[in-house]
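Please read the structure below before turning to the comments.
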Amino acid sequence: MLDIDTILAIIISFLIVLIVMPIVIPFLKYLKFGQVVRDDGPKTHHKKSGTPTMGGLVIGLAIIVTSLIFYKKYPAIGAPLIATVAFGLIGFIDDFIKVVLKRSLGLRAREKLVLQFLISITFLYVIQKHLGSDVYLPVINRYIDLKWAYVPVMSVLMVFTVNAVNLTDGLDGLASGVTMIVSLFLAIISIFSKNHDMAIFSGAIVGSCMGFLRYNAHPAVVFMGDTGSLMLGGSIFAIAVMLKQPVLVLVIGGLYIIEAVSVMLQVLYFKLTKKRIFRMAPLHHHFELLGWDEAKVVVVFWIFTILFCLLALAMIQLKI
């Protein structure tokens, strides 16, 4: 199902993270780039305070190096790579404010959204000029041309996806594991679509997340930080844009969507009733407070991600 170049991309990015991370972790500790844990979070997370963060820098390094290795043969890799780096830069600034300037919430929400929309609009404007404004809708099994609505609609979806991935990054191995599965499926879809450039880029993400899991699985010795989560969110949706499959990526990334919607519902319901739907949002914290072990929550969410990917595959095969 995967061609040799995609497999090589997975292996290369995996090895880069596996080799570089043990060098970077002590350096992050030396710089005191430790995770700031909020007091209103689950009590079991308080012991994670000080765990090195910004490990997403190594994920980014692996994706960049792997992409550059294959760039000459697969030049279309450049487009999602630029989006990935741009969103990673926002995450880096956010992390820097948290861990160095000691402002636990990082960039203000408005600041973050403005930067995210600027990147999304710029990226999508350029893509529209080169690839057009048509997108595939699996529900009606046809391409539709969004025309003038392409940039605004897709920008909203891109920013939503980026922040949904960010919200998913709350448990050891959760965001990295889910993104590894999603990226693997995107690699397969890319090959079926004969888009080998996106297969390679997806493979680079698969390998980097796989390597990162070695250090991020419970009990994590490093976190990706917003550097990693915003970067991965941007990369996932950028691939979807290149494949003209934004709806499909929302299906395979269904776990991200559920996490984000749980936060939106919690906030809205609390404002209206002063009561909460969940014990805590995002949803993974709700299950923690119900007494589920952290590793159990992560594995169950991985399984649901696989099911979402199978649902997407069924939609493709049955032309739903």
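Sequential numbering from 1, following the chain as shown.
Glycine too: its Cβ is placed from the backbone N, Cα and C atoms.
Remember, predicted model here, so these are calculated numbers, not experimental data.
These features come from Swiss-Prot:
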type	residues	note
TRANSMEM	7-27	transmembrane segment
TRANSMEM	50-70	transmembrane segment
TRANSMEM	77-97	transmembrane segment
TRANSMEM	113-133	transmembrane segment
TRANSMEM	148-168	transmembrane segment
TRANSMEM	173-193	transmembrane segment
TRANSMEM	198-216	transmembrane segment
TRANSMEM	221-241	transmembrane segment
TRANSMEM	247-267	transmembrane segment
TRANSMEM	297-317	transmembrane segment
**Prompt:** Which residues of the same chain, at least 6 past either end of the transmembrane segment (198-216), have a Cβ under 8 Å from a Cβ in it?
**Reply:** 2-3, 5-18, 21, 25, 55, 58-59, 62-63, 66-67, 70, 74, 76-77, 80-81, 172-173, 176-177, 179-180, 183-184, 186-187, 190-191, 222-224, 228, 232, 235-236, 239, 242-243
**Message:** With CB pairs under 8 Å as the measure, which of the listed stretches 50-70, 148-168, 173-193, 221-241, 247-267 comes out on top against the transmembrane segment (297-317)?
**Reply:** 173-193
**Prompt:** With an 8 Å cut-off on Cβ pairs and a sequence gap of 6 or more, do the transmembrane segment (50-70) and the transmembrane segment (221-241) reach 3 or more such pairs?
**Reply:** yes
**Request:** Could you give the residue numbers and ranges of same-chain residues that sit at least 6 residues beyond the transmembrane segment (77-97) on either side and whose C-beta is under 8 angstroms from one of its C-beta atoms?
**Result:** 33, 53-54, 56-57, 60, 63-64, 67, 70-71, 103, 106-107, 112, 115-116, 119, 123, 126-127, 162, 166, 197-198, 200-201, 225-231, 233-235, 237-239, 241-242
